[in-house]
Structure formats: C-alpha cells, structure tokens
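Listed in Swiss-Prot:
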type	residues	note
COMPBIAS	1-20	compositional bias 'Low complexity'
COMPBIAS	21-37	compositional bias 'Basic and acidic residues'
COMPBIAS	69-96	compositional bias 'Low complexity'
DOMAIN	123-364	domain 'ABC transporter'
BINDING	Gly156, Pro157, Ser158, Gly159, Ala160, Gly161, Lys162, Thr163	ATP binding site
COMPBIAS	438-448	compositional bias 'Low complexity'
DOMAIN	527-785	domain 'ABC transmembrane type-2'
Amino acid sequence: MDSNNNNNNENEAFSGASESSEFRKIVEENENEREFEQSNPSPPEYSNYENKDDGINLETINPNISLDNNNNNNQNNQNNQNNNNNNNNQNNNIINNLNKKNKKRSTFKNRIDFSFKDINHYVQITEKGKKKKISKQILTNINGHIESGTIFAIMGPSGAGKTTLLDILAHRLNINGSGTMYLNGNKSDFNIFKKLCGYVTQSDSLMPSLTVRETLNFYAQLKMPRDVPLKEKLQRVQDIIDEMGLNRCADTLVGTADNKIRGISGGERRRVTISIELLTGPSVILLDEPTSGLDASTSFYVMSALKKLAKSGRTIICTIHQPRSNIYDMFDNLLLLGDGNTIYYGKANKALEYFNANGYHCSEKTNPADFFLDLINTQVEDQADSDDDDYNDEEEEIGGGGGGSGGGAGGIEDIGISISPTMNGSAVDNIKNNELKQQQQQQQQQQQSTDGRARRRIKKLTKEEMVILKKEYPNSEQGLRVNETLDNISKENRTDFKYEKTRGPNFLTQFSLLLGREVTNAKRHPMAFKVNLIQAIFQGLLCGIVYYQLGLGQSSVQSRTGVVAFIIMGVSFPAVMSTIHVFPDVITIFLKDRASGVYDTLPFFLAKSFMDACIAVLLPMVTATIVYWMTNQRVDPFYSAAPFFRFVLMLVLASQTCLSLGVLISSSVPNVQVGTAVAPLIVILFFLFSGFFINLNDVPGWLVWFPYISFFRYMIEAAVINAFKDVHFTCTDSQKIGGVCPVQYGNNVIENMGYDIDHFWRNVWILVLYIIGFRVLTFLVLKLKSRNKFKQE
C-alpha cells in the first residue's frame, strides 16, 4: 500500500502539468482546425468504419439531413466541386496532420441524425395549502433536429426543464404526455436506441479503488458483446485511453472527488466517465452538465474532447448551464429553454441575430451565454424589480449620476444588455473612466443607426415579455424551418437501418467480474478491515475482562444473561451502522450502471452479498472465540465442543441478520442522514422486545404480537438456551431459601425468561429466514429503483 500511495502522489504531482500541456495541445489543434475550415469550408469525407465492438451493423445511411439543405445548395455544391477539389489539394498537409492526431475522426461509420417532435411532459405537484395534486406542464411542444457530427447544446436557467428533456431523449424518463423521437427518420425504438447511444451523468460515479485502466477493462468486458475476444476488448480500452488523453493516469487510482481516497483530477475523472460510454462506439452521446464542478481550463479541455468526437461523426447532445464564451463557440446548434418552452432553436452562432431582430441586444464584450440566461431568467424578476430603487440610489452615490438623468443603466450595461439610447446610464462598473463612457456612447449610437426601433430597457424579461417571446418563436423563420424539417424526416426522408442482436456477458461472467471488483476493493482498503478487526477484538476483550471466568454461583446467573445480551448487541449494532454509511455509495454506482444496462441486478446483488457475508462471518468468529473462553461459558460435567460452535453460530447469525437489515434500510432511504436516524430506532425497538429487558410473559396484551417479529428475541433466546441448558448452579447456606437454592438449574432460568428450552434450532432457522427475507426485500428495492422504462406514445 505504501508503494501505491507513492505512485498516487507522483501521479498527483504531474497531473496538473499533464492537464496544462494537453490543454495547450488542444488549443493548437483548434487553431489548426479553424485555419483549415476557413480555407476549406466543405466537410471532409468520412470513410466506412466497421465497428465490431458495438455489435451494430447499420446499412448505408444519409447523414446529411440539414435544416438548410435544399435543391439550390445541392446544385451549388456540384458547380463548386472542382474548386473544392483544388482547395483540398492545397490543404492536404493540414488534413494529414489532423488525421495523424485523431485517426478515428474520419473513420466513424454509424452516423445517426436524431430528431424529436412535440415533446410535452407533465408532473404532478401539490400546491401550498392544498392536499389535491394538480398537473403542471414543464415541457411544451419541444422540437429539434440534431445532425451527426455536431454538438447540440440545451441551455436555460435552473428549472427550465433541461435535465428533464435530456432524460426523455435518453429514454431514462417516462413521457407523461406526448412526443415522438426519430433516429435517421425512423421512430425511435428503446432497444435500438440503447445500443446506439451513451449517456454520461452529471456526477462521476466510479469505483474509487480501481485504476483508470482497471475501470475501463471492467466496463469493456461487461458492455461489449460476449463473442468479442478479450484481446480485442483490451485493445479497445487502450484505443480509448489514447483517444481521450488518459495515458499518463491510466494506472492511477480513480479516487474520490473529495480526496478521501487520492486519485486522478476532476477533468480526468470526467474523461474516464465519457470513455466508459465510448467503449461500445455509440453514435449518439448524451451528457448532463459535462463541465459541472470543473475549472475553466479543465472545462475547455473536456469540451474540446467532445468536439473531436463530434467531428468524427458522432452526435453530441448536452445540457449546460452557463458556459464560457470559448466553450459556447464550440456549439453547432442551440436549444434555449425558458419555463419549459422553446425560446430559441437553431445555429448557435445565429442566436444573437435572432434576439437582435426581436429588440434584445447584447454588447460585443459580453458572453452570449450570460446574456441569454440573464435575459430569460424570470424566476428572479420580482427580486430584481424590488431592488431597482436601492440599486439606482447606490449608483448615484458612488458614480455621481454623471452622463445623464437615467441613473441606473450602468449596472445593466455591465451585464452586457444594451438599453434604449434614451436611457443614458452612469459609469460602467462604478468606475469613472471617460474612455469607457465614450465607448459606451459610440456603441449606443451605432446600435441606434442599425436598428430604428427603440431598445427596451431590460434587466430580466418580464413575464409578459416572456409570453410574447414564446409566441414569437413558432412563427419565426427558425421555428417554421425546424417544423418543415421534422415533417420531411418523419414522412419522406426515412433511412431504414438494421442491427444485429448481440448478447452481452452471461450471468456467471457478470457475477465473477462483479465479485472480482469487490475483492479488489477490499484488498485496496485493508485499513477498513483492520479497523473492524480491532473493533471485534476490543469488544471480545472488554466483555471477557468484565465477565472474566464466571462461576456457577447464584450471582453468575445475572452475569451470564448480561454476557449474552451485551455481546449480541455488540456485534449487531456496528453491522447495521457500518452498512448505512457505506452502501449508499455502492447503490449510486449500481443505479448508474443499471440504467445503462451494464449488468443485471441479480449478479450485482449476489456478488455484494457474498463479499459482505464473508466479512460478517470472520469478525463475529473472532469475538465469539475470545468471549466464550474468557467468560467460561460452559463448566458443567456435560461440557463438550458443541456449545462453543453453537455460540459462534449465534453471533454469526446475529451479525448477518443485522447486516442484511442495514443493507435493506440503506437501499430504501433517500440518503445517509435518514438512514442513520432510522436504523438505531429500529434496532432499539426490536431489542426492547427481545425478552431481556421485559419478560415475555409480562408484555401487554395489545403488544403481545411484537416479540414474535423481533429478530433479537430469537437471537437472545437461542443464546440463553445454549448458555443455560443443563447447567447446575450452586449456592451457599446463607443464600438458601427454605434450605433450597433459589436457582438450581439453568433450565429454570430459560423458562422464567419466557423462553422454550427446545427452540434453539427453530430459532436458528427463523434467523436464516430473516436474513433471506431482508436480502430478498433489498433485491426488490434495487430492482424497483433500477426500473426506468420509456413510454412511447
């Protein structure tokens, strides 16, 4: 482990340098590509690429369904073919350089154009002060067509419906409403779509104890068809590592984002997540906030990697909240959502023109993404309006109100939204700079000369203005064009395709791979096992010291029952709580993998249960061995080895039962906080009716049923039977009552506590049923959570 830590530290040291050097390389590549595109506007030809890994064999398809395609363009392309060929000859060197940097970019065959039409989605909500739920529409008539080889960005303020739309497009959310999706003009089928697309979640849910290469090898063997040889799968992994620039960290632990387990950087984690989806060669890749939580340079590097994937012929669809301008420039098409409606759809570089035409202007130095989100974020409209007076008063005090009577325009100009020339503002950003004022006036004059209409004063769109903008889009040029394109796709431009059904790994392969991952995880974290082992030894020694070498006197009766209760609680409570804190992270990874169809629920559940069972057997055995001999559990003449093994068996069953309960609780509750609050209450409640604190004969009538469902009752009853059956106790003359010892036989102790002396093996099988029952319920909960079928209308 020390050597592993040293390697991790070394990788940590150069990961930043690696990220920076690769970042500079990406910038240089983008400059070369921009130079090439300016000199040669026609797209490069893509040769056929037989991707055996994804098991999909598409027929020849026409990916060039474009919003701007028409017969005139086709004729112009034919007339200019010779000129383009000359340009191609002049730029051969540039093309060769680009191909060397990305061999796969012009060899992707399975290109898919993705379209969606009239997506309407409703959710059930409860209004304040009312119990009845009402239906609220959160997506309204959303349309779009995404060409292969492009990046399609979905933007909008929080609550606009971005993630909901992406989940619907990815078939991860049932449509509660209507809508149709098309793949190359064919109505989307869930099974086909699952084979053609990859989905990258916002969070990087990865096993921290595996290296990057081990992670990709694991998913390659599970995601790729079973008939693909292992050698080809491993080669595919190496190709992806090369393509995504992960060579330097390939043998470094993934680690955790909070550095509890040190590993790769955030940008590398994001690229690993994307790489997992690339293993099967998907034609469509959907990403939820791919730059979330990353710094500026890392975000640019990740988006540059996605741009390369798009240039190779893949269709990239992503939601993104507020990208920097250099990232926004990478988008080919943009869907801007506001309150679940389409505010703009079309070319990303044409969005500003659209808003300019509607009277909303963005200054040249402002990031378009900031402008769009500031403009349509009506959720903070009321707060913004209420602060206007205070804002203007403050600016007059600081800026002196110089330059005009308007007063409040400086703050608006600072966020990049130009206002009416009649509303001259004060100093920009509270700085009295004459040069900036002159530039502002020149900009306003230029805008006035190019647009005769008076500019609206905008900080945020009012609700009325938002309604107007929503109504304007469907009748706009962009809205009419996309509707016409979708009609043509759904009626005329169908491109039939076939795919070969392939089989993934069988049950045994899935189980062995998942179990191997669990074993590796345990080996990479020996400290966790060591801590649990020390805890087990400490509990045994503590109990053994306190109850050391108990005799058979009258006072030992109480002490022997105390040993039983103490040690059962000692192994049970930690088993529950440790699972509550660990299992949620495992469930997160499972749900992500299950949604992608990586493996089935049963092999995952069995592999996890088997590994937990092994640990839950060893530790109680250690505790039981120490306690049994130190406390002198059996000293009667009928002593044999059988009571010792029965004692060990009871502690193992107690640990397994509570471990299974902890797994059930942690899989059922929404988070760790709820689990840590619920688990102790359940344990205490069931332990209260175990027969140790209250005699089972004294339980109130209306609660008489509760001891029968308390698993602690069966644990303690079996342990008491094992400790007291056929044991003879002694007493001194002073302790005798009427010449007789108060307690002579252990069998009497068992009966006085309300237990049955013949129920030991019955209780053993009841506890086995509890373990199975808790595990089956856990399996059903996981199965229910992982079910996510798409309802096609």
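Cβ atoms are placed via backbone N, Cα and C, with glycine included.
The ATP site is defined by Gly156, Pro157, Ser158, Gly159, Ala160, Gly161, Lys162, Thr163, and by the 8 Å test on Cβ atoms against their centroid, the other residues of the chain that qualify are Leu337. One residue stands out among the binding-site residues Ser158, Thr163 for having the most other Cβ atoms within 10 Å of its Cβ: Thr163. Across the residues of the domain 'ABC transporter' (123-364), the predicted structure has a mean pLDDT of 87. Long-range neighbours of Ala160 (ATP binding site) (same chain, six or more residues apart, CB within less than 8 Å of its CB): Leu337, Gly338, Asp339, Gly340. With a cut-off of 8 Å between CB atoms and residues at least 6 apart in sequence, the same chain places His121, Ile138, Leu139, Leu337, Asp339, Gly340 near Gly161 (ATP binding site), listed in sequence order. The C-beta environment of Gly156 (ATP binding site), restricted to residues of the same chain at least 6 apart in sequence and closer than 8 Å, consists of Lys162, Leu336, Leu337, Gly338, Ile343, Leu373, Ile376.
Shown are the binding-site residues Pro157, Gly159; of these, the residue with the fewest other Cβ atoms within 10 Å is Gly159. Within 10 Å of the C-beta of Lys162 (ATP binding site) there are 24 other C-beta atoms, taking all protein chains into account.
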